[in-house]
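One structure is given below, encoded as structure tokens.
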Amino acid sequence: MRPSQTELWLGLTLTLALLAVRWASAQAPIYVSSWAVRVTKGYQEAERLARKFGFVNLGQIFPDDQYFHLRHRGVAQQSLTPHWGHRLRLKKDPKVRWFEQQTLRRRVKRSLVVPTDPWFSKQWYMNKEIQQDLNILKAWNQGLTGRGVVISILDDGIEKDHPDLWANYDPLASYDFNDYDPDPQPRYTPNDENRHGTRCAGEVSATANNGFCGAGVAFNARIGGVRMLDGAITDIVEAQSLSLQPQHIHIYSASWGPEDDGRTVDGPGLLTQEAFRRGVTKGRQGLGTLFIWASGNGGLHYDNCNCDGYTNSIHTLSVGSTTRQGRVPWYSEACASTFTTTFSSGVVTDPQIVTTDLHHQCTDKHTGTSASAPLAAGMIALALEANPLLTWRDLQHLVVRASRPAQLQAEDWRINGVGRQVSHHYGYGLLDAGLLVDLARVWLPTKPQKKCAIRVVHTPTPILPRMLVPKNVTACSDGSRRRLIRSLEHVQVQLSLSYSRRGDLEIFLTSPMGTRSTLVAIRPLDISGQGYNNWIFMSTHYWDEDPQGLWTLGLENKGYYFNTGTLYYYTLLLYGTAEDMTARPQAPQVTSRARACVQRDTEGLCQESHSPLSILAGLCLISSQQWWWLYSHPQQPVTEGQASCHPPVTPAAAA
């Protein structure tokens, strides 16, 4: 019997209602039974609070006595509405400085699924099989293999007993924040969905010359893994992962982020932002932790990594991808926050990255920007071995200088105000490990970071179809009129605006030296009418430029003719240093202290000198105090010595 018209209408109405609920639940925050709470008097106060309101105190979020992780067993594990009762109770307690009920955060691994390709027995991206590779062999031939450096892979766990990983595995650099135990071993499933972290780990630190798989870029570095993507992901989980053992771990590598769907605008929560800040200010005994991030795989959806608050943070070093042929991969996101590029693959016939895989296996199928970030992390480990005193900002300066346009193909290569080529696809180009370690050895410490905030718009202003907002910057100086910033590093634009179709709005910024950087290009799939709420865009394209002069923000409607919007707030944020960085040599230089070197190699690098710690301008130095003394007394003579700094080694000898 055919259903009546009324039954059809009822069925259709019910279906639409269910779809609406599903859509709403996908868009709305999902609250969980965990709270982050900041109290005034540490652990005892957190315990009192937990007992008073029926929480379980799961301990500190950061290694101090302020932020705590509380869970309530009487609250639903997942809900579309916050628990207002506990919210009111915590709000009324005078000892609670801040609290937040946690929500699930959608994070995706930045790998790609491709059909089976033939096995590639050679690692073409670092063994000179192609003319312009990552120049890893040059660093290895100088005896640099990552020894003494610790890297942690923040992902879905690593197979710690893998034949190519166990010798370098570091339990202190590992933890499981999904199950809260010390074992980061991945959860095995029929389709091996949790292979991502193990693959990233092998790129960095797979053991060399053991007759298995290939060699990691830094094959003597210690490697750890944090299991944090295989379960409920909250701000607490992310913050704790990024704060694990900050005095032990030198580099955190992350190949994940918000969805690369061309619609999402999302970034770290308050706790994760605090974890980044603490990492760069307190990590590595104050030198600053290195956070290496994959730029994203949303190219097919015209996504832009400046809509990802992890890759566009000033505290992370964002890495893009190129193919063996030097082309832009189909998944690559073009954005102004990318620093540098390493290899991955493009179409399915392209050679991919060789690395470790689950079940004690090897693979030649690792790809996406997920594969690019760990290669960069390994190269930075080589630089840290060459010079352990480098700060997080030193490394960013070095990466800018050690990246080469090489053979990379793109239509948007431009020369910025200080003569460097830069691209939204590749940043400053393909990272060169040999050049990176050469520069690291002779790098003088970067002077302190300065910040200049200029509020440009603070009253509602209608957005025209094409709108330019000029601002002449002359006030980046202190009370004595000394210039705070002479050379730029990061430039941020903080915006609050409404727009009828967000993805149709292109935003760009032009510097006083004429460099135009696209902060966000059109995103056709982003039909949101929410605009940008206090969102921060970032560009690396003005590195070392002089900030003084006319800055111009541009907003242009690239889509529907009748789009309308309002600009509520615009602040220009300039970061940099008082030093004129353009006066520094752009390549390694041998100074007048060259006589302190006892023996040099064929390339003129010092091999025999005063101490096994590091070389500065062709000279080995014993301590950070000696480093700073030489920096302050450049004309003083130095006594010669005879100890070896970095004797050359082959991978076979160093394995």
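Every residue gets a Cβ built from N, Cα and C, even glycine.
Taken verbatim from Swiss-Prot:
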type     : residues : note
ACT_SITE : D155     : active site, charge relay system
ACT_SITE : H196     : active site, charge relay system
ACT_SITE : S370     : active site, charge relay system
DOMAIN   : 123-437  : domain 'Peptidase S8'
DOMAIN   : 446-580  : domain 'P/Homo B'
CARBOHYD : N472     : N-linked glycosylation site
SIGNAL   : 1-26     : signal peptide
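DSSP assignment over the domain 'P/Homo B' (446-580) gives 3 helix, 74 strand, 58 coil.
Here the CA atom of N472 (N-linked glycosylation site) lies 40 Å from the CA atom of S370 (active site, charge relay system). Highest local Cβ density among the recorded positions S370, N472 belongs to S370, counted as other Cβ atoms within 10 Å over all protein chains shown.
Using a 10 Å radius centred on the Cβ of D155 (active site, charge relay system) and all shown protein chains, the other Cβ atoms total 31. Per-residue pLDDT, averaged over the domain 'P/Homo B' (446-580), rounds to 95. Distance between Cα atoms for H196 (active site, charge relay system) and D155 (active site, charge relay system): 7 Å, as a whole number. Distance noted between the C-alpha atoms of D155 (active site, charge relay system) and N472 (N-linked glycosylation site) is 44 Å.
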